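I have placed the structure first, in the form of structure tokens, so that the comments after it can refer back to it.
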Amino acid sequence: MGQQQLLLLVLSTVIVGLATVAGIQAFSENQAQAAQDALVQRGTSIMSDVQGLSSKPAQMGGANLSSDAPSTVFDALGYDTPNSENQTPVEGASGTSNCILETGGGGTVDASFEGSPTAVAEVECIGGNASQDVRVALSSDGDISTSFGDYR
């Protein structure tokens, strides 16, 4: 009887150990996906706000993306920029994740961006836990495009 009980104890320990390892692996994968989703959501949200702000006349608090600096646009939208004038943190991705806004007023918009060669504003969201970075661009005709890659 003792050998059967010992064998069952060892077998149950192995099964519990394997289940624990599988759970940790699943948690890590879900954490990376959640970070990726947070970057996409934040980048799209920022660019949607920028699009709305740029469609308003300057007299009504709108922005001119060809001349206004990124810090001016972030200030007008009310985004928190604790580390830099053109960066805002991404909550839910990791402590080191942030979104960087580029406008024509800052002179930094990459005109060769494959998603939108006529971009007037871009947001790059970079996260420590996400598998890919996110770039969201606003074209001169008002279209928003999103691309994924390693932009660091």
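Heads up, the Cβ atoms here are built off N, Cα and C, so glycines get one too.
Look at TrEMBL and you will find 74-101 tagged as region 'Disordered'. Broken down with DSSP, the region 'Disordered' (74-101) shows 4 helix, 7 strand, 17 coil.
The compositional bias 'Polar residues' feature in TrEMBL is assigned to 81-100. Through the fold, the compositional bias 'Polar residues' (81-100) approaches residues 34-35, 38-39, 42-43, 46, 69-71, 74-75, 106, 123-130 of its own chain, all at least 6 residues removed from its boundaries and within a Cβ separation under 8 Å.
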